[in-house]
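Everything below concerns the one structure shown next.
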């Protein structure tokens, strides 16, 4: 099983890097994990709606260039499907059972994800009704993927 996470922007905070490294290490027991960072666009607070769309489009173009053919594409979006940890585990398991051995998760930049990239997705996932910084989202996703593999394998961790 292969999981790729394509994330817009670099992680700057040490505590996030440490958490991401820890869960990446834990996940290596269950899957081949690759994390790809693509450059984010500078986005001042006072962008017009059109400028925001242009920023998201440029970021999406960078993401699309890194997608591998045949991967199942899961985009993280606030309007995506909301799931419990158990439901996410079953969804992930169903991807692998259906013959999809490579799943790619995309985390957009601070402005979100371009609608064309959303339309390309096989599945859209929301981690919460709350809004998180996109850097923190990477750590939360990794923890939930680790939790999912523990659930799938019937191993202790999930409570």
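Just so it is clear, glycine is given a Cβ too, placed from its N, Cα and C backbone atoms.
Residues annotated as S-adenosyl-L-methionine binding site in Swiss-Prot, with sequence analysis given as evidence: 76, 108, 127, 128, 129, 130, 131, 132.
Location within the structure of each feature annotated in Swiss-Prot.
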residue : record                               : DSSP class
76      : S-adenosyl-L-methionine binding site : strand
108     : S-adenosyl-L-methionine binding site : coil
127     : S-adenosyl-L-methionine binding site : coil
132     : S-adenosyl-L-methionine binding site : coil
For S-adenosyl-L-methionine, whose listed binding residues are 76, 108, 127, 128, 129, 130, 131, 132, the greatest C-alpha pairwise distance in Å: 16
Candidates 76, 127, 130: member of the binding-site residues with the richest Cβ shell (10 Å): 76
Chain-internal residues near residue 128 (S-adenosyl-L-methionine binding site), provided their CB is under 8 angstroms and they sit 6+ positions away: 82
